[in-house]
Amino acid sequence: MDTRWDGLLVNARLVTLAGDAGYGVIEDGALGWHDGMIVFAGHRTDLPAPPASLADERVDAQGEWVTPGLIDCHTHVVFGGDRAGEFEQRLQGASYEDIARSGGGIVSTVRATRAASEDDLFAQSLPRARALRDDGVTTLEIKSGYGLDFDNERKMLRVARRICDALGIRVRTTYLGAHALPPEFAGRADDYIDAVCRWLPALHAEGLVDAVDAFCERIGFTAAQTQRVFEAACALGIPVKLHADQLSDGGGAALLAGFAGLSADHVEYTSEAGAAALKQAGSVAVLLPGAFHVLRETKLPPLDAFRAHGVPMAVATDCNPGTSPLQSLRLAMSLACTHFRLTPEEALRGATVHAARALGLKDRGRLVVGQRADFVRWRIDQPAQLAYWLGGDLVSAVHVGGRVIVGA
Ligand code: NIG
Ligand code: FE
């Protein structure tokens, strides 16, 4: 061999997720990587040479299950403070919308986020991202949306990048300026949308914006306002995503599809026509069972329509202080199975293959040659256990680009 590989994992049970269905298991599997990319994923007996002559760094997985690194494609992990008080209020009967309309909700997190220095925000947010990583996440999407002015949105996006650098994981940052109306723009939502669009080019020029998102909802922004934000993103060639149809059917999924957006997220109230539009546009439906669970929602996303139309379904934590203080993507997978009746395999595919697509990434999500060597070794007896256990310490090691960042 001219080139030796950087590393080789042997004696692994690979969950490759190659193909459109099934775990794609390879027993007695081997995984080779070079320059951070997978160069071999197959049966040990198909290795081109004896392991010792292929790579210096050889790891014996001792029969452990190995999956692609998990991808959390929708989070708000960067924020100041918490909203445990609102949790208590909701348990007393107040609704999420009531609380938002009376000056709490997102805007209360905006106050705490604005008050925090960049370093303070980093320190407050880091443990949440670390918890996600330690439970198997190797790519983390993080949204802004609690700054709601140029400097504070920028601060959030910078902190998001710093956090992932510090943890050794990959980051995607999403600009969510259109998350809520800040108090200084009360009664002037259209003026605020002008400002959100005006701030975008500078944030993008600084390399802080991989995608643009908005909250299209009765307590968020109208379809017309969302459309203006999307037009500003498209003018710069930035892909769009949407908090769509979470509390009511605002036609969000169809609006997103009209822009060939990456994903419509939440989608509890999405109609059959909305599901068809997503399919047509090649967009992903991102299921967020943590928010569904915490808000004690009863309206299920149109799962049958998504399946019938073949809309890819991703699963994410939506980790945020209001609707989903959820710090484990595996737990989100479990909730997706229990509440939305996904199979454990669909949930894993939703947190890998389809999550990558929801971020517009083609280079990760499966254990196949040519993908990034991001993978997790698990202490489990079968893949369904990833969604079966509610919590628990199942990670044996997390590798990013082949390099171990958690565990042995
Ligand atoms: O995804 N729905 C809008 N945004 C978040 C909640 C944010 C918050 O309440 O702080 C969500 O559920
Ligand atoms: Fe969200």
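The backbone N, Cα and C atoms fix where each Cβ goes, and this holds for glycine too.
Per TrEMBL, Fe(3+) binding site is recorded for HIS74, HIS76, HIS243, ASP318. Taking a C-beta cut-off of under 8 Å and a sequence gap of six or more, HIS243 (Fe(3+) binding site) has these contacts in its own chain: ASP213, ALA214, PHE215, CYS216, GLU217, GLY220, GLY252, ASP265, HIS266. According to DSSP, HIS243 (Fe(3+) binding site) is assigned to a strand segment.
Around HIS74 (Fe(3+) binding site), the same-chain residues six or more apart in sequence whose CB sits under 8 Å from its CB are GLU141, LYS143, LYS241, SER263, ASP265, VAL286, LEU288, ALA314, ALA316, THR317, ASP318, ALA358, listed in sequence order. Annotation comment: TrEMBL describes HIS74, HIS76, HIS243, ASP318 as Zn(2+) binding site.
Cβ neighbours within 10 Å of THR323 (4-imidazolone-5-propanoate binding site), excluding its own Cβ and spanning all shown chains: 25. DSSP assigns THR323 (4-imidazolone-5-propanoate binding site) to coil in the three-state reduction, outside any helix or strand. The feature 4-imidazolone-5-propanoate binding site is assigned by TrEMBL to ARG83, TYR146, HIS179, GLN246, THR323.
Marked as N-formimidoyl-L-glutamate binding site by TrEMBL: TYR146, ASN320, GLY322. With a 10 A radius on its CB, GLY322 (N-formimidoyl-L-glutamate binding site) counts 24 other CB atoms from all the protein chains.
Annotated domain 'Amidohydrolase-related' per TrEMBL: 65-404, in sequence order.
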Which of these binding-site residues has the least crowded Cβ, counting other Cβ atoms within 10 Å: GLN246, ASN320?
ASN320
Integer mean pLDDT for the domain 'Amidohydrolase-related' (65-404):
98
Cβ under 6 Å from an atom of ligand 1: which of these binding-site residues qualify? The list is HIS74, ARG83, ASN320.
ASN320
Among ARG83, TYR146, HIS179, GLN246, GLY322, THR323, which binding-site residues lie by ligand 2, judged by Cβ under 6 Å to any atom?
none
For ARG83 (4-imidazolone-5-propanoate binding site), what is the tally of other C-beta atoms lying within 10 angstroms of its C-beta?
22
